[in-house]
Amino acid sequence: MITLGTPGQEFRVSMDTASSNLWVVDKTCNFRQKCNDKCKNKEYCNKNCDVYCCGKNSNISSCDGKIKFDSSKSTTYKSNGRPFSIIYGQGFADGFLGSDRLKFGCIDENNTLTIPNIVFGQATTIDKHAGNEPIDGTLGLAFQSIAINGVEPPLTAAIRLGLLANAIFTVYLATLGSSQKKLIKGGGQFTYGGLDNKNCGKVIGWAPLINRSYFIFELEGVSYGNSYQSKIRQKAVSDTGSSLIYGSSSIILSIGQQIGAEYNKTANILFIPCNKTYNPITFKINGIKYNLTKEVLTIDVYDPLHLKCLFGMVPQNFPSGSLDWILGAPFIRQYSKLYACQNYKNQIDNKNSR
């Protein structure tokens with residue numbers, strides 16, 4: 001939760017280590033899906049058209065249900081005039097830039113990080129993926145070099161202004177396993193400027209970052225017990241905005257076969273029996289082995305009989321030279337992360353307290 005403006009307006013945002021811009025839905029957002037005229041036929045629509053084009057949904061905007069920023073209600077708001085457009089692996093947001101007071105946390109929270117003036121995106125158009133998520137925007141936590149329009153990211157501004165004790169932040173996500181439905185409440189904690197001593201144990205490893213852009217580091221290998229091992233050195237990014245782990249198709253499909261997962265080629269996902277037991281899957285980073293267990297990799301997909309669960313690793317091959325792995329929520333649930341924002345040669349992994 002963040003608060004923008006004076007008086008404050010609260011927004012639910014995705015805290016994303018794989019992007020660098022802050023944006024929220026603007027009051028002028030009213031994007032509606034463009035639909036083929038054939039979609040007016042109910043039978044045709046249900047088989048061939050986007051869900052937003054059918055029946056009652058045809059009048060639904062992806063902006064509906066969002067908390068929207070109203071600049072006219074803020075005495076500290078300043079217009080910017082520049083357009084804003086950002087594209088993610090899934091989804092996009094378009095609009096314009098403005099600036100205002102930003103507070104990390106709710107309106108009634110005291111002693112929280114507050115930045116007096118930050119440039120942010122005001123989205124007038126968001127895609128259906130963002131529309132389906134229970135958020136009103138995104139707060140990017142990566143470096144300024146990848147920020148759209150060269151905008152200074154909020155944490156970079158906080159560090160420049162001397163508002164943080166240390167140029168670091170810690171991410172803790174609760175281990176929910178097959179109880180993933182509880183994520184909405186008590187899902188985790190972000191700690192800015194220091195360690196999360198309440199939820200995290202001792203520091204067990206670190207990894208030098210490849211460059212000052214995303215939190216990208218070298219992955220030295222992936223293995224599953226004695227039955228599968230890959231020692232190929234690949235690039236991996238730590239991404240709080242990804243709900244799953246994405247990586248080499250050959251590696252993930254081989255591991256999936258070893259543990260007895262079922263591959264759905266059409267959806268490009270793996271399913272696994274919810275009660276299936278299997279050994280940890282190991283990622284080697286900077287000489288340290290990190291074991292991911294069933295508790296973070298077997299994920300409830302709301303099967304009424306609780307028989308079929310989602311496997312938390314998705315086969316995906318990225319463009320050559322760009323990236324090989326996205327280590328999303330399952331990895332961070334197993335091992336809390338400490339991100340260094342200035343000494344970018346270090347990214348420290350904290351093991352969750354159990």
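Numbering starts at 1 and runs along the chain as it is shown here.
In case you wondered, yes, glycine gets a Cβ from its N, Cα and C as well.
The recorded disulfide partner of Cys29, taken from TrEMBL and restricted to Cys49, Cys53, Cys54, Cys63, is Cys63. For Asp16 (active site), other Cβ atoms within 10 Å of its Cβ number 19. Of all the recorded positions in the record (Asp16, Cys29, Cys63), the one with the smallest CA separation from Asp239 (active site) is Asp16.
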